[in-house]
Amino acid sequence: MAKINFGGVQETVITREEFPLEKAIDTLKYETIAIIGYGVQGPGQSLNLRDNGFNVIIGQRKGGKSWKKAIADGWIEGETLFEIEEACDNATIIQYLLSDAGQIDAWQQVKKSLTAGKTLYFSHGFGIIFNEQTNIIPPADVDVILVAPKGSGTSLRRLFLKGEGVNSSIAVYQNATGRAYEKAIALGIGVGSGYLFETDFRKEVYSDLTGERGILMGALAGMFEAQYEVLRSNGHSPSEAFNETVEELTQSLMPLVAENGMDWMFANTSVTAQRGALDWKGKFKQAAKPIFEQLYEEVASGREATRVIIEGSSPDYREKLDVELAEIRESELWKAGAAVRKLRPKL
Ligand SMILES: NC(=O)c1ccc[n+]([C@@H]2O[C@H](COP(=O)([O-])OP(=O)(O)OC[C@H]3O[C@@H](n4cnc5c(N)ncnc54)[C@H](O)[C@@H]3O)[C@@H](O)[C@H]2O)c1
Ligand SMILES: CC(C)(O)[C@@H](O)C(=O)O
Ligand SMILES: [Mg+2]
Ligand SMILES: [Mg+2]
C-alpha cells in the first residue's frame with residue numbers, strides 16, 4: 001500500500017492502481033451484497049456497485065418514497081429488491097445504510113441473519129462506537145468493516161458517472177475470517193471511491209461528526225447568516241449581500257482553493273483583500289476555536305450521539321425537519337440565492 005507524506009506525516013493510502021476494479025470483483029465474486037436502506041448513500045453505493053459488475057440486492061421498508069425510488073432506479077421487487085429481513089437473509093455482505101437512528105430500530109432483524117463468516121458493513125462508525133446507546137453489538141464470528149465516502153451519496157454517484165470519484169475512509173472493527181481488510185478495500189473500490197484512507201471506527205465517527213457540525217455544514221451555514229445579516233442591516237441589497245457572502249465563495253474562490261490551496265486563492269486576489277483577510281483571520285480563529293473545542297468534546301463524550309438518537313427516533317422527525325429546511329429555503333438570504341443562481345452566465 002502506498003505511503004504518502006501528508007505535511008510531514010506518513011500515512012497509508014490504497015490506490016486503484018494497487019487494487020484495480022478487476023481485483024475487487026475477483027475478491028467478491030462469491031458474495032451477494034445487500035444494500036440496506038435506499039436514502040442518500042444507498043442509491044449512490046448500490047448503483048455504482050451494480051454498474052461496476054457486483055452482485056447487488058436492495059433491502060428497504062416497503063411502500064415509502066425510498067422503495068419507489070429503488071423501483072424507478074431499476075431494482076425489481078422479488079428479484080433485486082426485498083424487505084429488509086429477506087435481503088439480509090439472501091446476502092453474505094450486509095451494507096447497513098439506514099439512517100444512524102434507523103439502524104437501532106432494525107438491528108434485531110439484521111442481527112438474526114448474521115451467521116458465521118458474513119460481513120457487516122457501515123459507512124459511519126456511529127452504531128458501533130456508541131453501542132452503549134445503540135445496542136449494535138455484532139456477533140464475534142462476522143467481519144465488521146467500514147467504508148465511509150467523504151462526501152454526499154449524491155456526489156458519489158455524480159462523480160462516478162463523470163468517471164471521477166469521492167475518496168473514502170476505510171476501517172476494520174472485527175476480522176473474523178481473516179479477509180475483512182481485503183473485503184473493505186474491494187467494497188471501497190466497488191462503491192466508486194477514488195483513494196482509500198485507513199482509519200478506525202472511532203476516529204471516523206469523531207472526525208465526521210465534528211466536520212459536518214463544523215466547517216462543512218453547521219459553521220458554514222451560521223457564518224453565512226451572520227455576515228449576510230450584518231450587510232443587510234447596514235443597508236446593502238439582498239443581491240449584494242448574497243453575492244458577497246455565498247455566490248463568490250462557491251463560484252469563484254473555493255474552486256481556486258480546491259485547485260491549488262489557500263495561498264493560491266489569496267495570490268489571485270488583490271493586495272487589499274490579502275492584507276485584510278490575513279489580519280482578520282486571527283480574530284475569526286480566536287472566536288471560533290473554543291466552539292470547535294466544545295463541539296469535539298460533545299462528540300467524544302457521546303452527548304452528541306444521544307441528541308441524534310433521541311431526535312432521529314422521534315416519529316415526527318421528518319415533518320419537523322421539513323419545517324426547519326423550509327425556514328432556511330424561505331429566508332431572504334436563500335430566496336436571494338435562488339434568484340442569484342439563475343443569473344450564472346453560461347457563455
Ligand atoms: N448521506 C450521506 O451522504 C452520507 C455520507 C457518508 C456516510 N453516511 C452514513 O451512511 C448511512 C446512511 O445514511 P443516509 O444519509 O443514506 O441515510 P438516510 O437518512 O437517507 O436513510 C436511509 C434509509 O433509512 C430508512 N429508515 C430510516 N429509519 C428507518 C427505520 N426505523 N426502519 C427502517 N428503515 C428506516 C429510510 O427509509 C431511508 O431510505 C449512515 O450511517 C450515515 O451516517 C451518509
Ligand atoms: C455528507 C457528509 C456530511 O459528509 C456525511 O458525513 C453525512 O453524514 O451525510
Ligand atoms: Mg456524517
Ligand atoms: Mg461525512
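Cβ coordinates are placed from backbone N, Cα and C, and glycine is handled just like the others.
The Mg(2+) 1 binding site annotation in TrEMBL covers ASP208, GLU212. In the three-state DSSP classification, GLU212 (Mg(2+) 1 binding site) falls within a helix.
Marked as Mg(2+) 2 binding site by TrEMBL: ASP208, GLU244, GLU248. When Cβ atoms from all protein chains are considered, those within 10 Å of ASP208 (Mg(2+) 1 binding site) total 20, not counting its own.
Under DSSP, SER270 (substrate binding site) is assigned to coil, being neither helix nor strand in the three-state scheme. All protein chains included, SER270 (substrate binding site) registers 8 other Cβ atoms within 10 Å of its own Cβ. Taken from TrEMBL, the feature substrate binding site covers SER270.
Per TrEMBL, the feature domain 'KARI N-terminal Rossmann' maps to 9-199.
Marked as domain 'KARI C-terminal knotted' by TrEMBL: 200-347.
Taking the Cα atom of each, SER270 (substrate binding site) and GLU248 (Mg(2+) 2 binding site) are about 15 angstrom apart.
Confidence in the domain 'KARI C-terminal knotted' (200-347), given as mean pLDDT, stands at 97. Selection of the binding-site residues ASP208, GLU244, GLU248, SER270 by a Cβ distance under 6 Å from ligand 4 yields, in sequence order, ASP208. On a Cα basis, GLU212 (Mg(2+) 1 binding site) lies 22 Å away from GLU248 (Mg(2+) 2 binding site). In sequence order, GLY218 make up the list of same-chain residues 6 or more apart from GLU212 (Mg(2+) 1 binding site) whose Cβ falls under 8 Å from its Cβ. Rounded to a whole value, the Cα-Cα separation of GLU244 (Mg(2+) 2 binding site) and ASP208 (Mg(2+) 1 binding site) is 29 Å. Taking a Cβ distance under 6 Å to any atom of ligand 3 as the criterion, the binding-site residues GLU244, GLU248, SER270 reduce to none.
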